[in-house]
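As annotated by Swiss-Prot, region 'Disordered' applies to 13-42. Taken from Swiss-Prot, the feature compositional bias 'Basic and acidic residues' applies to 30-42. Here Swiss-Prot flags 82-102, 130-150, 164-184, 187-207, 216-236, 247-267, 350-370, 377-397, 401-421, 442-462, 487-507, 511-531 as transmembrane segment. Summarising the annotation, Swiss-Prot assigns N-linked glycosylation site to Asn371 and lists sequence analysis as the type of evidence. For Lys573, the entry in Swiss-Prot reads ubiquitin cross-link.
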Amino acid sequence: MGIHIPYLTSKTSQSNVGDAVGNADSVEFNSEHDSPSKRGKITLESHEIQRAPASDDEDRIQIKPVNDEDDTSVMITFNQSLSPFIITLTFVASISGFMFGYDTGYISSALISIGTDLDHKVLTYGEKEIVTAATSLGALITSIFAGTAADIFGRKRCLMGSNLMFVIGAILQVSAHTFWQMAVGRLIMGFGVGIGSLIAPLFISEIAPKMIRGRLTVINSLWLTGGQLVAYGCGAGLNYVNNGWRILVGLSLIPTAVQFTCLCFLPDTPRYYVMKGDLARATEVLKRSYTDTSEEIIERKVEELVTLNQSIPGKNVPEKVWNTIKELHTVPSNLRALIIGCGLQAIQQFTGWNSLMYFSGTIFETVGFKNSSAVSIIVSGTNFIFTLVAFFSIDKIGRRTILLIGLPGMTMALVVCSIAFHFLGIKFDGAVAVVVSSGFSSWGIVIIVFIIVFAAFYALGIGTVPWQQSELFPQNVRGIGTSYATATNWAGSLVIASTFLTMLQNITPAGTFAFFAGLSCLSTIFCYFCYPELSGLELEEVQTILKDGFNIKASKALAKKRKQQVARVHELKYEPTQEIIEDI
């Protein structure tokens, strides 16, 4: 339900308005009936502007907003500015991404430096796979229920619960002297990772203005890659320190404590407060998020959220959950959104990124590098830099475009790596990696270069786009839908973590990376035919696009139209008249 704004009174001449629209200049709209405090902004990206019949004394412009059930920037005086409060909420939530990345980064270094500290013996390949996969298993379990838990207990409480899981898991690992205690610690930490990996993007998407929702969600991915980079850096520094791996694990408690402390003083999202009937808190959060917005329109937004909340079927929590699951699978647009969300998360895992990161240390050793933790910084650093590139491009270039750039690039890099592995002659004997034949020394350099190329294309596309999953689903199935998608990611991670070393032994590194190249090629085809362009679209428009198909051409045309509208008119400033306020 959008706001109906009948007319905005202009003191600008008709010709000047026309020139402004054509030249993308701002047009000032003022009212003699209202105060400057109610000044707002509106962009043509989410509105159609129609010229109404002009009176003798003034021009009148009719603005017809596009309905959007969850777009704060449309409902709240069309204000696209980013407040310090929203920035604070985004960065605090994104600490979950940092902890996620740190967890995936430190285990690679820890497995190398553990030595005989567990059970007084060296870990076997099977034990390493179990320790690595335990976190993925824990994350898979909690991600299935995290979406529903977020609706029951709140996004904030779920994030704080994930902090407690991190603390328990880290303490068990730091104090571990047996393999099974280490594995249990990793499992419990995985519970926290699974909750945080789902709730943090959901939290950010619910407090972010639409025009920069993509960028703010990418901040979580940026912190994830930053966590990996920090973990590799710390691992390199502690590689030769006695019990350095315990210190490495213990350092994960620092961001956990920071996030938990900050969340104690910050609110939940407005949508959650509305779900619980606490309209006063919802109004308070919206006021702090959009400080230049009139109280009338904030109250209108709260009323709309109340209406949307009442539209969720079911009289109690179990019935609502069951009906939501049915609606997710039976409504065509929801089912297509689910296919896209789960498909992208599966692609992220089954194109070999985690596998390549795990093996990068051994690859670099074959060309003369001895500290595998240190050289892994090159790959994780590339991942971080190109995630930053995605941050600046995802809302401008578009989600679909960067995916169709990234996936073919990944396929090419994997093919080259497979060929290079074949000529380099690396094979596994079941216990350690052995260079059977070095072949041409240049093949090692080729592998290094294309591992970096792979990391760049991964970070640009499939490393970031799947976490935009919240925008695929309407409000009443978003929690369950994002749970499905995130669980798919962790199921894939579990499969890869528990089988990668076995694949290297059975089908050789060359065959393993050729397998990933084939999956990457199929993934490109999937995205080309099934993933529409969603950048700049209203949430209502996303559901319309997916109603009777994936409608790739229609989505591209609509996204192009939105960009043209923004190019024609940057913004319209206005002050609502009392007539408008009463009508709202």
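Quick reminder: no glycine exception, Cβ is built from N, Cα and C everywhere.
The transmembrane segment (511-531) shares the most Cβ pairs under 8 Å with 401-421, out of the stretches 164-184, 187-207, 377-397, 401-421, 442-462. Between the transmembrane segment (377-397) and the transmembrane segment (442-462), the number of CB pairs under 8 angstroms, six or more residues apart, is three or more, so the stretches are in contact.
The recorded stretches the transmembrane segment (187-207) and the transmembrane segment (442-462) do not share 3+ CB pairs below 8 A when only pairs 6 or more apart in sequence are counted, and are therefore not in contact. A contact links the transmembrane segment (82-102) to the transmembrane segment (247-267), because at least 3 Cβ pairs that are 6 or more residues apart lie under 8 A. Among the recorded stretches 130-150, 216-236, 247-267, 401-421, 487-507, the one sharing the largest number of Cβ pairs closer than 8 Å with the transmembrane segment (164-184) is 247-267. Remote same-chain partners of the transmembrane segment (442-462), defined as residues 6 or more beyond its termini with a Cβ less than 8 Å from a stretch Cβ, comprise 225, 344, 347-348, 351, 353, 356, 360, 363-364, 366-367, 378-380, 382-387, 389-390, 393, 402-407, 409-410, 412-414, 416-417, 420-421, 423-424, 523. Residues 347, 351-352, 356, 390, 393-394, 443-444, 446-447, 450-451, 453-454, 456-458, 460-465, 508-511, 513-514, 516-517, 520-521, 523-524, 527-528, 531, 533 of the same chain lie 6 or more positions beyond the ends of the transmembrane segment (401-421) yet place their CB under 8 Å from a CB of it. Long-range neighbours of the transmembrane segment (247-267) within the same chain, counting only residues 6 or more positions beyond its ends whose Cβ lies under 8 Å from a Cβ of the stretch, are 88-89, 92, 95-96, 98-99, 102-103, 106, 109-110, 156, 159-160, 163-164, 166-167, 170, 173-174, 189, 227, 231, 234-235, 238, 241, 273, 281, 284-285, 288. Below 8 angstroms of C-beta separation, residues 125, 128-130, 132-133, 136-137, 139-140, 143-144, 194, 197, 341-342, 345-346, 348-350, 352, 354-355, 358-359, 428, 430, 433, 466, 515 of the same chain, each at least six residues beyond the ends of the transmembrane segment (487-507), sit close to that stretch. Under 8 Å from some Cβ of the transmembrane segment (130-150) lie the Cβ atoms of residues 103-104, 107, 111, 123, 158, 165, 179, 182-184, 186-195, 197-199, 202, 272, 321, 358, 478-483, 486-487, 489-491, 493-494, 497-498, all in the same chain and six or more residues away from its ends.
If one looks beyond the transmembrane segment (216-236) by at least 6 residues along the same chain, the residues whose Cβ comes under 8 Å of a Cβ in the stretch are 86, 90-91, 93-106, 108-110, 113, 200-201, 204-205, 208, 248, 251, 255, 357, 371, 373-374, 376-377, 380-381, 383-384, 387-388, 390-391, 394, 459, 463-464, 467-468, 470.
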